[in-house]
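First comes the structure, then the notes that go with it.
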Amino acid sequence: MTDIFLQAFVYLLAAVLAVPLAKRLGLGSVLGYLVAGVAIGPLLGLVGQETQSIQHFAEFGVVLMLFLVGLELDAKQLWQMRQRLLGLGGLQVLLTTAAVAGLAFALGQPWQIALALGMILAMSSTAIVLQSLNEKGLAKTEGGRSGFSVLLFQDIAVIPILAILPLLAVGAPATEASHDEMSLVAGLPGWANALVVLGAIASVVFGGRFLTRPLFGYVARSGLREVFTASALMLVIGIAALMSLVGLSPALGTFLAGVVLASSEFRHELESTIEPFKGLLLGLFFITVGAGIDFAMLLSQFALVLGLALGVMLIKALVLLLLARLFHLSGSDKWLFALSLAQAGEFGFVLLGYSQQQGVLGSELGALLSMVVAISMFLTPGLFILFERVILPRVTRSANARETDTIDEQGPVIIAGIGRFGQIVNRLLRANGVQTVVLDREYAQVERLREIEMKSFFGDVTNPELLHTAGIASAKMLVVAIDDVDGATALVRHVRQHYPQVAILARAFDRGHTYALTDAGADWVVSESFHSALTLGGEALTRLGMHPFAAEQRKTAMLEREKAHADELYQAWREVRDNSDRRKRYLELFMKLEAALKDDMGKDRMAGHSRSLSGWTPPPRGYEKALAADEEQTPPSSPA
Amino acid sequence: MTQANSAQATNSVLLLFAHPGQSGSEVCLPMYRIACDTPGVTCVDLYAEYPTFNIDIQAEQQRLLAHKVLIFLFPLFWYSTPSLLKEWQDLVLEYNFAYGSKGDKLHGKPFLCALSAGGSEASYSPAGYNHFGLRTLLSPLEQTAALTGMDYLPPFALFGARSAAEEGRLAPHLERWQRLLDALVAGTAPNPRTSLPNDRASLVNDWELLFNDKAALMNDWEGLA
């Protein structure tokens with residue numbers, strides 16, 4: 001037990017120290033994790049043997065990541081990608097395999113080994129690439145999307161490659177016991193195997209579409225956050241297990257589930273629930289890549305390993321550049337596509353291990369290639385930096401006008417809380433063509449809105465992750481209308497602190513809450529009851545016999561009076577908050593406001609000096625005689 | 001086209017009252033109350049109906065269609081109507097309703113301005129401090145009537161409104177107002193275009209016959225003939 005705690009602490013400490021530093025230096029988190037891994041592994045020797053097994057566990061981060069990627073894509077978008085997916089992805093795998101295999105064959109390797117090497121090295125690192133693309137905001141660019149298509153195709157291609165590798169074995173399989181993993185399809189004839197696989201996929205699609213909604217609805221209504229987290233994890237792990245059982249890639253299965261759930265109202269809540277797990281596991285994965293580098297071997301064969309890694313990356317980049325040309329990627333997109341996918345990836349590790357088990361590759365060659373794969377992954381963040389610092393500025397300079405064309409798919413206005421209050425705001429904005437993203441933690445509210453075909457999402461808005469996935473970073477405005485006094489204040493404070501460019505309009509419950517929200521940094525606050533109470537008060541005055549126009553003026557006067565004293569009362573409120581002795585002073589001010597109001601209402605403009613009550617009052621009696629008298633004294637100048 | 005339906009036959013006069021400060025009203029408000037009690041007159045307090053100036057154009061046009069005679073009742077503010085009544089004109093008298101190629105909905109309806117003015121009758125003359133006669137000052141309304149095809153009646157005004165009550169001029173004015181309303185409802189009021197020949201002498205004569213009172217004569221009708 002103590003061991004596990006110690007290990008976990010070492011891993012976490014390394015990440016906590018290295019990642020923010022790397023991020024601050026503009027190197028990206030991935031490089032930070034890799035360096036952290038190198039530090040605790042080969043350099044300090046704090047961790048060692050266990051990295052292999054931890055890495056297998058951490059690979060689950062990739063599964064979670066593909067689930068999240070799926071959530072961002074709905075079926076329609078996926079269908080639109082089909083050309084890129086098959087064309088770009090297929091050609092990348094085929095051409096890279098051919099190029100690497102051809103070179104290996106030319107260097108004297110037997111064709112079986114050459115082909116195996118080609119397939120292994122054709123894979124890129126989904127984990128590093130997607131993480132870096134997202135982190136640098138490049139995922140939505142043409143180059144980023146193309147890269148993603150290729151990675152997705154590679155995920156699919158792993159399945160046939162795993163089937164082909166054993167056929168390439170020249171020697172006897174290294175270990176006999178490679179097949180004691182559980183499997184539903186072991187020993188089945190080909191057609192039955194295919195049926196089972198299709199059935200598994202169909203059940204993911206069908207279940208995702210029809211079973212998850214009632215399930216999540218049921219869980220969400222209980223209002224227990226951790227149970228929702230549990231059910232989200234259950235879903236992903238369950239699908240991963242099912243896919244493993246039928247011999248498919250778990251990442252592919254969860255990706256599919258993500259796509260199916262992309263149009264559901266739980267999308268944002270699922271994203272924000274899974275996100276931290278994904279982040280931690282991926283981080284762990286990167287650390288193990290760093291920690292797994294065998295320094296002794298690296299040093300003894302430094303030139304060879306580095307040369308091979310650079311060679312592989314060069315070949316892959318050249319193939320990718322060719323494809324970019326074929327698929328009309330240009331400018332920065334071409335370079336992003338080519339540089340981002342040039343490394344070998346974590347699937348390479350998997351395939352290497354499998355090849356050794358199957359006797360395709362000798363253990364020495366396997367160890368050498370593991371090193372090559374790891375080094376090429378290690379160099380990838382460097383390529384992203386090269387892209388960002390050198391290529392992007394150059395291309396942008398040459399095509400300045402074109403590059404700014406980024407599409408934001410999130411709404412410019414986020415409405416937090418869609419109860420009685422937020423709904424009205426939302427309807428007004430929508431009716432005027434403003435795109436909104438609506439969030440609420442009451443599942444019933446979301447359900448009701450979905451019934452009338454308003455796009456809304458379920459989730460706890462005070463959770464920063466949910467806000468993030470809803471697109472707060474690119475939003476113009478946040479409307480805070482949640483039914484939770486302290487939550488609203490905390491939300492305003494959080495958004496003001498982290499997203500200073502977002503305008504915050506907030507609904508307050510009462511006077512104190514108005515001040516609290518203002519204090520937290522809201523740009524504009526309205527009391528939820530003040531205006532409706534004013535309307536009712538005006539109606540009461542009218543029904544008691546006051547002329548409706550006069551009642552309207554009195555409402556306006558009250559509003560003006562409030563505004564005039566708002567600052568003073570706010571300052572007093574702050575003093576009371578900081579020092580409760582001042583409570584008396586606040587009450588005094590409040591009484592003063594009331595007295596001033598009453599005073600205003602009693603006067604008309606001519607008789608007294610009311611600053612608030614504006615309205616028509618007749619001129620004094622006899623004024624016309626005075627005017628006539630003036631006229632006699634001074635001869636008229638013609639006004640025409 | 002100008003007649004809506006027979007159900008409105010008894011409610012043939014539409015009176016739009018515009019006064020933003022009714023607690024200070026000494027002339028217009030009593031006139032309004034009298035109109036409210038007169039059968040055949042539909043009375044609308046515009047400031048009560050639209051305290052936020054949010055005029056229902058559709059409803060106002062329907063009201064116009066349903067009546068034969070239109071009256072504006074207002075205190076003269078800066079030689080014009082109070083702002084809400086101006087807003088009413090701006091919004092309700094739409095193209096192809098009140099004017100334009102299909103804008104014949106008001107054709108032939110008599111149109112009367114009943115108003116109170118602070119200055120004395122003498123002040124509304126070239127020699128007075130208001131420099132212009134009332135009819136000249138109201139010429140935007142007269143031209144509005146011309147463009148919309150309405151028959152512009154002589155304005156029914158009470159001058160020196162702030163001192164009218166104490167000088168004993170209010171009561172006879174209200175009495176004449178009642179008779180004028182009755183005549184408009186009955187359709188017997190003089191109409192400068194149809195019932196009156198185009199000469200000033202007989203016009204003056206007709207008003208005299210109606211009110212039997214020289215004080216009710218409008219002082220600025222030279223231009224009509």
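Keep in mind that glycine also has a Cβ here, set from the backbone N, Cα and C atoms.
Taken from TrEMBL, the feature domain 'RCK N-terminal' covers A:410-527.
Sequence annotations record features per position, and here TrEMBL assigns region 'Disordered' to A:601-640.
If one looks beyond the transmembrane segment (A:6-23) by at least 6 residues along the same chain, the residues whose Cβ comes under 8 Å of a Cβ in the stretch are 29, 31-33, 35-37, 39-40, 46-47, 50, 283-284, 287. If you look up TrEMBL, you'll see A:6-23 (among others) marked as transmembrane segment.
The annotation transmembrane segment is assigned in TrEMBL to A:30-48 (among others).
Sequence-distant neighbours of the transmembrane segment (A:54-73) (same chain, 6+ residues past either end, Cβ-Cβ under 8 Å): 81, 126-127, 130-131, 148, 155, 236, 240, 250-252, 254-262, 267, 270-271, 274-275, 277-285, 287-289, 292, 346, 349-350. The transmembrane segment annotation in TrEMBL covers A:54-73 (among others).
As annotated by TrEMBL, transmembrane segment applies to A:85-107 (among others).
The annotation transmembrane segment is assigned in TrEMBL to A:113-130 (among others).
The transmembrane segment feature in TrEMBL is assigned to A:150-170 (among others).
Sequence annotations record features per position, and here TrEMBL assigns transmembrane segment to A:190-211 (among others).
The feature transmembrane segment is assigned by TrEMBL to A:223-242 (among others).
Under 8 Å from some Cβ of the transmembrane segment (A:279-298) lie the Cβ atoms of residues 11, 14-15, 19, 29-30, 33-43, 47-48, 51-52, 54-55, 57-62, 64-65, 127-128, 131, 305, 346, 367-368, 370-371, 374-375, 377-378, all in the same chain and six or more residues away from its ends. As annotated by TrEMBL, transmembrane segment applies to A:279-298 (among others).
Positions annotated as transmembrane segment by TrEMBL: A:304-323 (among others).
If you look up TrEMBL, you'll see A:335-355 (among others) marked as transmembrane segment.
Outside the transmembrane segment (A:367-387), and at least 6 residues removed from its termini, the chain residues within Cβ reach (under 8 Å) are 26-28, 30-31, 34, 117, 120-121, 125, 128-129, 132, 136, 289-290, 292-294, 297-298, 301, 304-306, 308-310, 312-313, 332, 335-336, 339-340, 342-346, 348-349, 352, 361. Taken from TrEMBL, the feature transmembrane segment covers A:367-387 (among others).
Counting residues of the domain 'RCK N-terminal' (A:410-527) by DSSP class, helix then strand then coil, yields 54 helix, 26 strand, 38 coil. In the predicted structure, the domain 'RCK N-terminal' (A:410-527) carries a mean pLDDT of 86. Long-range contacts of the transmembrane segment (A:335-355) within the same chain, counting only residues at least 6 positions beyond its ends with a Cβ under 8 Å from a Cβ of the stretch, are 55, 59, 62, 92, 116, 119-121, 123-129, 132-133, 138, 141, 143-144, 146-147, 150-151, 154-155, 158, 161-162, 165, 168, 285, 289, 312-314, 316-317, 320-321, 323-324, 329, 361, 366, 369-370, 372-373, 376-377, 379-380, 383-384, 386-387, 391, 395.
At the 8 Å Cβ threshold, with sequence separation of at least 6, the transmembrane segment (A:85-107) lacks contact with the transmembrane segment (A:190-211), having fewer than 3 such pairs.
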